Amino acid sequence: MASASFVKPNTLSSPWIGQRSFAHTSASSSPPPRVSFAIRAGAYSDELVKTAKSIASPGRGILAIDESNATCGKRLASIGLDNTEDNRQAYRQLLLTTPGLGDYISGSILFEETLYQSTKDGKTFVDCLRDANIVPGIKVDKGLSPLAGSNEESWCQGLDGLASRSAEYYKQGARFAKWRTVVSVPCGPSALAVKEAAWGLARYAAISQDNGLVPIVEPEILLDGDHPIERTLEVAEKVWSEVFFYLAQNNVMFEGILLKPSMVTPGAEHKNKASPETVADFTLTMLKRRVPPAVPGIMFLSGGQSEAEATLNLNAMNQSPNPWHVSFSYARALQNSVLRTWQGKPEKIEASQKALLVRAKANSLAQLGKYSAEGENEDAKKGMFVKGYTY
């Protein structure tokens, strides 16, 4: 695995950099020798870069269906279905066998159960994705737990055993991974919570790359709160500054990662709603200040926005060139229409798959900066924010 992009060393403040000594010399001395950094190279370096670029391809984004079984059960309950493995399998089969999905979707994040499941005809879901030119991914974190010593904040579990699990996921066909941790603005956030989130993401990213998986780095800044957009920007800049500091400390190769940030918006309970142009301006300002251009792709989460809102905001961010591929990694903002259409009825599978393609195509156009909200139905404009949302 290769190391991250480097900041120019300050040779005046550090006598030792990269195991090289810098002696201060007089003006008449010959120029100091060039510094060479040892780059860690692993067997997966080229593959990681190739995978990341494949996912960050024009007009395509990520379909996230990595909800835990409990969360998937809530989705099924909303249409009157029991939370059984058969029902979860049927829903995932509906999504992953949608004809033409690969035209708009480049990667799909799966829950562990889904990675090992197959269609009723015996074809693995991994093969369904590969045949559609979609890269299979896997959620690897083990959820959130209260962070002792913090302001009622949380930390993300799952580092124990991650290396061996990642190796198994790679053998099963996964080529990228996702780790979701959260930051709450109303809770501070505390310096402890931000550092814990950043360090955990960095360790996960390094372990993933060592095992052939492109890590999606996701410190979700929750929509909870009544704060203005300026406060969200302040917190986002702090969080991403810490994240990239620790990614570099852990020798993570920036060219072999993808980011899954929250858009910079006001808190969900703020009195004023931001326009897509304002969201784009604040979000791109944050990214340009904190994210190196070596990163190939920014795959936004929807975070409880309505389907139409998430698409409009993404479209606004693609009205001018960006240093990175700016796209989507949506769950609810792609699936909500599908569930409403399906209702668990076999005769509605085709209509449900068409509903998925409508949303996928809309976001594909938004990635290209060509989306228009004309013709969007009222259901697509309904917000999906859930306070304290858990995956």
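Please read every residue number as a count from 1 along the shown chain.
Any Cβ shown, glycine's included, is placed from N, Cα and C.
Per Swiss-Prot, the annotated N6,N6,N6-trimethyllysine among residues Lys178, Lys354, Lys387 corresponds to Lys387.
When the Cα positions of Arg88, Lys178, Ser302, Gly303, Gly304 are compared pair by pair, the longest gap among these substrate-binding residues is 22 Å. Reduced to three states, the DSSP call for Arg88 (substrate binding site) is helix.
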